[in-house]
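What TrEMBL lists as signal peptide is 1-20. Positions annotated as domain 'Copper amine oxidase N2-terminal' by TrEMBL: 28-115. As annotated by TrEMBL, domain 'Copper amine oxidase N3-terminal' applies to 124-218. The domain 'Copper amine oxidase catalytic' annotation in TrEMBL covers 248-662. Residues or ranges marked as active site, proton acceptor in TrEMBL: D325, Y413. Here TrEMBL flags Y413 as 2',4',5'-topaquinone.
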Amino acid sequence: MAQLHFTIFIFFSFIFAISSSSFAPPRHPFDPLTETELKLVQTIINKTYPIGPSHKFTFQYVGLNEPDKSLVLSWYSSPKHNIKPPPRQAFVIARDNGKSREIVVDFSSRAIVSDKIHVGNGYPMLTNDEQEAATELVLKFKPFLDSVTKRGLNVSEIVFTTSTVGWYGESEAETERVIRMMPFYLDGTVNMYLRPIEGMTILVNLDVMKVTEFTDRLTVIMPKANGTEYRISELKPPFGPTLQNAVFMQPDGPGFKIDGHVVRWANWEFHISFDARAGIVISLASMFDMDVKKYRQVLYKGHLSEMFIPYMDPSDDWYFITYLDCGDFGCGQCAVSLEPYRDCPAGAVFMDGVFAGQDGTPAKIPNVMCIFEKYAGDIMWRHTEAEIPNLEITEVRPDVSLVARIVTTVGNYDYIVDYEFKPSGSIKMGVGLTGVLEVKPVEYTHISEIKEDDIHGTIVADNTIGVNHDHFVTFRLDLDIDGSPNSFVRNELVTKRTPKSVNTPRKSYWTTSPKTAKTETEARVKLGLKAEELVVVNPNRKTKHGNEVGYRLLSSPPSGPLLVQDDYPQIRAAFTNYNVWITPYNRTEVWAGGLYADRSHGDDTLAVWSQRNREIENKDIVMWYTIGFHHVPSQEDFPTMPTLSGGFELRPTNFFEQNPVLKSKPIKIASAKNCIPKND
Ligand SMILES: *[C@@H]1O[C@H](CO)[C@@H](O)[C@H](O)[C@H]1NC(C)=O
Ligand SMILES: *[C@@H]1O[C@H](CO)[C@@H](O)[C@H](O)[C@H]1NC(C)=O
Ligand SMILES: *[C@@H]1O[C@H](CO)[C@@H](O)[C@H](O)[C@H]1NC(C)=O
Ligand SMILES: *[C@@H]1O[C@H](CO)[C@@H](O)[C@H](O)[C@H]1NC(C)=O
Ligand SMILES: [Cu+2]
């Protein structure tokens with residue numbers, strides 16, 4: 001769901017804030033579009049398609065047009081990047097008189113270099129502006145106001161969120177660009193999602209901005225406002241549990257350097273960008289290898305590709321709630337300003353995000369990403385040697401890592417997405433779910449009152465069901481392990497019976513049975529109990545002992561879709577059918593649920609691309625990984641939900657000749673007794 005009141009806060013006083021400047025020329029091919037560039041896009045397009053009241057033309061997405069990979073790599077590998085970077089271009093998806101138009105604008109020629117109408121199913125990301133306009137529309141819609149009166153509600157206390165409606169087998173002609181408006185009642189709460197006004201079906205066609213359907217079943221149950229408060233300023237004592245104030249000290253300042261959008265820290269170097277659809281985009285992540293005195297490539301590009309959040313109540317008010325959040329609402333566009341010291345610790349550096357508003361005018365989300373060093377008391381490596389007579393050795397290195405964070409608030413849910421880099425070479429992607437449940441009003445306050453077979457969730461408060469649902473979070477990971485041509489190895493651990501001929505009391509052991517996936521089919525993985533290492537290797541690069549250099553995937557606990565395969569939401573989200581997919585690199589295959597996710601028919605998903613069963617051995621390949629959470633709500637998730645965390649790790653496997661952090665010097669962790677914690 002989209003947040004409707006899109007407020008932009010500006011922090012003037014924040015010393016560490018750096019802005020994604022609109023004055024400096026972009027230096028890196030992956031730099032996000034600047035405000036100046038977005039304005040230029042608006043001006044150039046306005047020449048061909050006059051934007052104004054007489055012509056319905058809206059910018060649904062504007063982002064960097066993915067530069068040609070071979071040009072980026074030549075630029076990147078040239079000494080001091082002294083060759084011309086690839087042409088800088090913007091990719092625009094617009095709605096133009098009821099059609100989706102894809103436009104590429106070239107900045108050096110200041111011209112439209114490609115312009116075509118999208119033929120096929122699905123619609124682009126919704127804009128914040130059109131969702132607000134739809135709300136205004138409904139608040140003035142007579143039948144709605146009549147219903148409000150009939151229900152005895154105060155219209156000034158009604159707020160809306162918007163819901164995409166999915167696709168349930170309608171023909172292309174029937175699939176209009178409509179959204180469903182979901183009313184909520186404040187009247188004593190600010191936790192709007194916990195007071196849904198159930199029973200109204202309100203559809204708005206966004207292309208013509210008209211209410212196209214309105215019905216009201218005049219249901220009356222409404223969870224109460226009491227008990228939904230979560231602001232510390234409004235909560236009443238007693239407070240607890242009490243936590244000691246915290247401090248993180250870096251007497252010498254942060255250990256990372258940011259040059260434009262390039263981050264250098266410890267042995268890592270990577271580029272960080274912001275995209276209205278993906279949120280954070282990490283690219284050209286490489287690591288300095290002390291043995292060869294060179295940076296070695298790991299991740300060409302990595303980012304969120306899609307999320308899928310199907311709810312498990314098939315009734316009229318709920319069946320359609322099966323969001324594709326990044327494609328429907330924009331995981332970057334819904335990202336929020338991060339709060340210094342709370343969202344990110346002391347020493348964090350913040351970056352702004354800019355994106356195009358509906359008329360092409362740039363909008364800024366200040367402090368949308370933060371970068372910080374994290375020390376959480378973990379151990380990077382250690383050993384105590386106590387067996388040598390007259391000698392006791394203990395060597396310990398604390399684990400410090402670098403985190404790039406974004407928080408995307410898609411309506412009721414807040415997704416915390418972390419990209420964490422470790423000196424040992426690991427990259428950990430973390431996903432934290434928090435925020436507010438999506439709830440259904442019922443007459444019940446106790447499970448003993450339930451009349452139906454299935455209430456599709458848990459009673460989490462009086463008259464309130466937290467409805468069962470899933471969160472599937474799909475990352476696109478274009479790994480380039482020590483270069484682009486890579487292979488995917490499934491290294492199965494298999495149990496062997498000890499042969500009779502071997503003289504041993506042992507009856508069994510396990511050993512490895514690696515298989516290189518030749519085609520896409522062989523690389524689809526449903527995680528489960530099977531003992532299997534999943535490794536992306538560079539078969540052309542070997543360690544001095546002959547092992548192929550690689551990175552392996554350490555997955556989160558396995559979970560996959562539970563809907564039937566021919567259910568419409570599952571057809572549209574068929575990219576969740578496997579946890580891991582490998583595809584050959586293709587510039588246009590970026591969004592796992594399709595470029596046009598809203599109302600898609602599932603004909604442009606990763607699952608469809610993969611059916612071509614292309615060759616993937618020793619090729620430039622892309623890994624797609626989906627983390628799944630099945631969420632059975634519990635009372636602790638009310639009125640706000642403590643963060644539920646998941647994630648995965650990409651870990652070097654025979655990438656280095658030996659432990660890459662062996663010679664990392666111990667750091668001093670100062671005790672902070674005399675330090676006054678900042679309590680702003
Ligand atoms: C587009 O150009 C017209 C003049 O042709 C101007 O009136 C209008 O303000 C421009 N719109 C935007 C959004 O720049
Ligand atoms: C309706 O709500 C508004 C805004 O909260 C309030 O000012 C007004 O008094 C309410 N009207 C009634 C009839 O309760
Ligand atoms: C609100 O709930 C609290 C307990 O959560 C209760 O003590 C209080 O009486 C309630 N207030 C009203 C107005 O119902
Ligand atoms: C890239 O993928 C798209 C969509 O799947 C496909 O139409 C196109 O032919 C592919 N390009 C290449 C070079 O394979
Ligand atoms: Cu959930």
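Quick reminder: no glycine exception, Cβ is built from N, Cα and C everywhere.
Note that the structure is predicted; figures quoted are calculated from it, not measured.
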Give the residue counts of the domain 'Copper amine oxidase N2-terminal' (28-115) per reduced DSSP state, in the order helix, strand, coil. 26 helix, 31 strand, 31 coil
Secondary structure composition of the domain 'Copper amine oxidase N3-terminal' (124-218) [DSSP: H/G/I, E/B, coil]: 30 helix, 29 strand, 36 coil
Secondary structure at D325 (active site, proton acceptor) (DSSP, helix/strand/coil)? helix
By Cβ count within 10 Å, point out the most packed of the active-site residues listed: D325, Y413. D325
Which secondary structure state does DSSP assign to Y413 (active site, proton acceptor), in the simple three-class scheme? strand
